[in-house]
Amino acid sequence: MRTENTTRFPLVLLLGFQVDPIFKIPIMIPMCILYILTVTGNLLITALVQLSQNLKYPMFFFLSHLSLCDIVLTTSIVPNMLHVIQCGGITITIALCTTQFQFFATAVASECLLLAVMSYDRYLAICNPLRYTSIMDNQCCLWLVTSCWFSSFTASLGAVIMINRLEFCHQNIINNFFCDFWPILKLSCSDTFAVEMEQMLIGFPLVVFPVVFICVTYIYISTSIFRISSSSGRQKAFSTCSSHLTVVCIFFGTMIANYFVPSTRNSIKLDKLISLFYTVITPLLNPIIYSLRNLEIRVAFEKLVIAMKLKSTNLNYFKKLNLKP
């Protein structure tokens, strides 16, 4: 029902972290460093997969898209979060708020689906190695990745369209550093039942299905690994899954803590810290985990560094001779 206190195009106040002005710079500098490291690390993973011939495998192809998800996720949150901290809270339109949510939701949903796809890739490689190359060919990999991005974007776009049809009150305050689905919905003065049902019917399976699928695939993977007679073979098979399993536990663990654990007024600060870990720290950990636990990526990185050093040495040599390389 329309009233004098409702509008279709309101302003939203993002409170962020309410800190003393003297602590703003000490907080913002580490956040900037973490953001730069996150983007650099994930861009490096993507570049290595594209440039190295030793990484032309489905597992690394999916990993490069996982890195793209992390870049979109952290870029949709951190720059705006730094602005919120600097200003002690900012006012934005509901359109900008829902736009931020769409980029964030697309990245999160895509990462959920990609982690499920990567578990299926590991399942085929370990449980059905003879048919692996025939099933997981280039066309199949491209189709799987495209499906992940398209379904995630479509689901988030549907939620944004329905949110933009709602009416909102003039006093709109989100006690967080970014616009998420449920905080936006709480601002509405309209009946939100249809939007909530749409989110449950479309968004919920994007999270639940990957979790169930990953659990089932790893049950089969574990069974196959324990059937391997040699200890070296078991160790090699497990090492190919350990980095993926670590990322899965961190990503879905923080997601469950962020969205499925009931919050109270006393836990608002804790909720913000969990959201901070989920949106800033997790995207940084992914390239670190895969780099430390994956020999192929470390070797590709070392070769890239050596190639850059040789190129730099050759350029300096030609400069000394006043010649063009």
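Just so you know, glycine gets a Cβ as well, placed from its N, Cα and C.
Remember, TrEMBL labels are computer predictions, not curated facts.
Features reported for this protein in TrEMBL:
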TRANSMEM  27-48  transmembrane segment
DOMAIN    41-290  domain 'G-protein coupled receptors family 1 profile'
TRANSMEM  60-81  transmembrane segment
TRANSMEM  101-120  transmembrane segment
TRANSMEM  141-163  transmembrane segment
TRANSMEM  200-221  transmembrane segment
TRANSMEM  242-261  transmembrane segment
TRANSMEM  273-292  transmembrane segment
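Averaged over the domain 'G-protein coupled receptors family 1 profile' (41-290), the predicted model has a pLDDT of 87. Among 27-48, 200-221, 242-261, 273-292, 27-48 has the largest number of CB pairs under 8 A with the transmembrane segment (60-81).
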